[in-house]
Amino acid sequence: MVEKKLCFIGAGNMTRSITSGLVKSGYTPSLIHATNPSVGKLNDLKRDLNILVSHDNLAAAKEADVVVLSVKPHFMQAVCEELGALDLADKLIITIAAGITANRYNDYFGQEIKLIRTMPNTPTQIGVGMTGLYAGNNISEKQKQFCEQLMLSGGKVVWVEKEEELNQVIALAGSSPAYFFLFMEAMIANATNSGMDELKARALVQQAALGAAEMVIQNPELSAAQLRENVTSKGGTTAQAIAAFESGNIRGLVSKAMDDCVARAQEMAEQY
Ligand SMILES: NC(=O)C1=CN([C@@H]2O[C@H](COP(=O)(O)OP(=O)(O)OC[C@H]3O[C@@H](n4cnc5c(N)ncnc54)[C@H](OP(=O)(O)O)[C@@H]3O)[C@@H](O)[C@H]2O)C=CC1
Ligand SMILES: O=C(O)[C@@H]1CCC=N1
């Protein structure tokens, strides 16, 4: 891919995920700079990925062609106001923050910027991430392609036409690794409560989860419902387990969880 000077503002979980994916896929580490107020995460990134690190947002962003905003939403305004001291006309700004709308960034920076909103997820760190992307009208095809290539180093991407759709991306892919972890956590807890060794329970659960995801990927002609039915022998063990999920209204619960996730993103758009 074309390599540009990158600056990640904030060196937390997601910067680690994205920069790991980039370095693993061959991006030149010395072209990646991450900034953070506390030193521990910077030292870890320097040690593990050999990228540039510092505490100085302004100096790092000044040198960069592309600035990736990777702080929590409640820090975003302060970060953008600080970077607004720079002339950003020739820089591409990429944000990974949930909730904050593209227009809001122009207010925060105090100037018209070229912004792509993205919604990655943590599996980006190991190359099996999923990122949703949204670009406004003032973004060139080249800038879109660059951002797409950047995120492809961590997995797959989907573009959305309407900005509001990014909230669905959050519910379906940005937040959803946590839903699957919760499910696995509950399964492992059941097994360990019944006396099984935790490592053995985890090995069984993780391989079943991987296999289930691969079955969905490798059988695009089969719906998830069909794949479930193929496991479920009439009068058998799976039928009993599925009946317990259905009687606990798992579909309603999943639907509510996703609606609440989207509602929180909408609320954050009002809040920030
Ligand atoms: N976690 C996830 O799965 C996903 C998160 N996101 C989005 O990614 C963004 C970052 O999330 P995540 O990586 O999880 O959060 P983290 O808290 O792990 O990382 C954010 C980092 O920003 C640093 N920071 C705070 N203030 C500043 C500042 N003024 N200048 C520079 N750095 C600063 C923090 O420093 P310190 O070490 O001092 O706390 C922290 O290391 C959020 O906006 C979130 O919405 C998007 C998709 C998925
Ligand atoms: O929980 C959050 O707000 C962020 C966005 C998606 C995943 N983590």
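Every residue, even glycine, has its Cβ placed from backbone N, Cα and C.
Just so you know, TrEMBL annotations never went through curation; they're auto-generated.
Taken straight from TrEMBL:
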- I9, G10, A11, G12, N13, M14: NADP(+) binding site (BINDING)
- N57: NADPH binding site (BINDING)
- 5-99: domain 'Pyrroline-5-carboxylate reductase catalytic N-terminal' (DOMAIN)
- 163-268: domain 'Pyrroline-5-carboxylate reductase dimerisation' (DOMAIN)
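Annotated features, which come from TrEMBL, shown on the structure.
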residue	record	Cβ contacts under 8 Å, 6 or more apart
I9	NADP(+) binding site	T35, N57, A60, A61, V67, V68, L69, S70, V71, V79, L83
G10	NADP(+) binding site	A34, T35, N36, L69, S70, V71, K72, F75, V79
A11	NADP(+) binding site	A34, T35, N36, K41, L42, L45, V53, S70
G12	NADP(+) binding site	N36, K41, S70, V71, K72
N13	NADP(+) binding site	T122
M14	NADP(+) binding site	S70, I96, P120, T122, T124
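Excluding I9, G10, A11, G12, N13, M14, which define the NADP(+) site, the same chain contributes F8, T15, R16, A34, N36, K41, S70, V71 within 8 Å (Cβ to the Cβ centroid), listed in sequence order. Under DSSP, M14 (NADP(+) binding site) is assigned to a helix (H, G or I) in the three-state scheme. When DSSP labels each residue, the domain 'Pyrroline-5-carboxylate reductase dimerisation' (163-268) comes out as 87 helix, 0 strand, 19 coil, counted as helix, strand and coil in that order.
Helix, strand and coil counts under DSSP for the domain 'Pyrroline-5-carboxylate reductase catalytic N-terminal' (5-99) come to 43 helix, 19 strand, 33 coil. Highlighted here would be the binding-site residues (G10, A11, M14, N57) whose C-beta falls below 6 Å from ligand 2, but none qualifies. Looking only at the domain 'Pyrroline-5-carboxylate reductase dimerisation' (163-268), the predicted model's pLDDT averages out at 98.
The 10 Å shell around the Cβ of N57 (NADPH binding site) contains 21 further Cβ atoms across the protein chains shown.
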